[in-house]
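Listed in TrEMBL for this protein:
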- 1-47: region 'Disordered' (REGION)
- 151-170: transmembrane segment (TRANSMEM)
- 182-204: transmembrane segment (TRANSMEM)
- 216-236: transmembrane segment (TRANSMEM)
- 242-262: transmembrane segment (TRANSMEM)
- 283-302: transmembrane segment (TRANSMEM)
Amino acid sequence: MHSADAAAGTARQPSKRRVPVSQPGMGDPHQLFDDTSSAQSRGYGAQRAAGGLGYPAAAASPQATFLDDPMSNVAMAYGSSLAAHGKELVDKNINRFIPVTKLKYYFAVDTMYVGRKLGLLFFPYLHQDWEVQYQQDTPVAPRFDINAPDLYIPAMAFITYVLVAGLALGTQDRFSPDILGLQASSALAWLTLEVVAILLSLYLVTVNTDLTTIDLVAFLGYKYVGMIGGVLMGLLFGKIGYYLVLGWCCVSIFVFMIRTLRLKILAEAAAEGVPVRGARNQLRMYLTMAVAAAQPLLMYWLTFHLVR
């Protein structure tokens, strides 16, 4: 029994087998991937040594190399000078055809000026002093002088007139983008024709005046304020309201244009403070009357079809 148990115990002991020792430079045959940690550590240590501060040494970028090149610095300086010259040339041409600095003067307004100017356009009979104020041979900004022309009110009035025209056409089931565009282009064409006709008339009668083209656009654009009032009253009260308000606005703009342009066109008379009689001054007065009389006609022509 003891011999059998000993033989069984001897049989249950695991068999010993020799594991081959891997030689240097050879991997474990049962290992799927090679152990490269030692090589990486060796390479990383080399990189740390090369970097000097514990980080790998970074290679020089192409941008740094380009900036270090003297020729690149010369090219950049030439490009900057060329861009500056081009900007100066563009600004010069823009100021030649579109006087930006002068336009800033015509938009130098505030809320108080707009309110007073609208009151002047509707009630010019109550105003007494119509001369534009000057400071060192330069006209005062519109926000300081109610008599100074501006472009803010004409521009806003033109846009509002187009919108009110679209509203009026919409209430009559006649609205369409084409008709609204035709309305806006027609009003703009009439304004352009007025400016060209006045400039041509001043040239033909050889009138020397300080009235500029922008001044003409400003003065002629004030009639859109009365046109807006007439169309709105027409929408609210019908034909009667339209004719009453438009008639009042037509008379008001006529008086406003007479008293304003008289000082602009009669430059010599305004400078002396007394009316100067003569054939040339009579032509100037006739021209002033013609410009003022054209405003009510155009106000009616551009609005009568909007109220039915």
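Using N, Cα and C of the backbone, Cβ positions are placed for all residues, glycine too.
The stretches the transmembrane segment (182-204) and the transmembrane segment (242-262) are not in mutual contact, being linked by fewer than three Cβ pairs under 8 Å (pairs 6 or more apart in sequence). If one looks beyond the transmembrane segment (151-170) by at least 6 residues along the same chain, the residues whose Cβ comes under 8 Å of a Cβ in the stretch are 103, 106-107, 109, 114, 117-118, 142, 176, 179-180, 183-184, 187-188, 214, 217-218, 220-222, 224-225, 227-228, 231-232, 234-235, 306-307.
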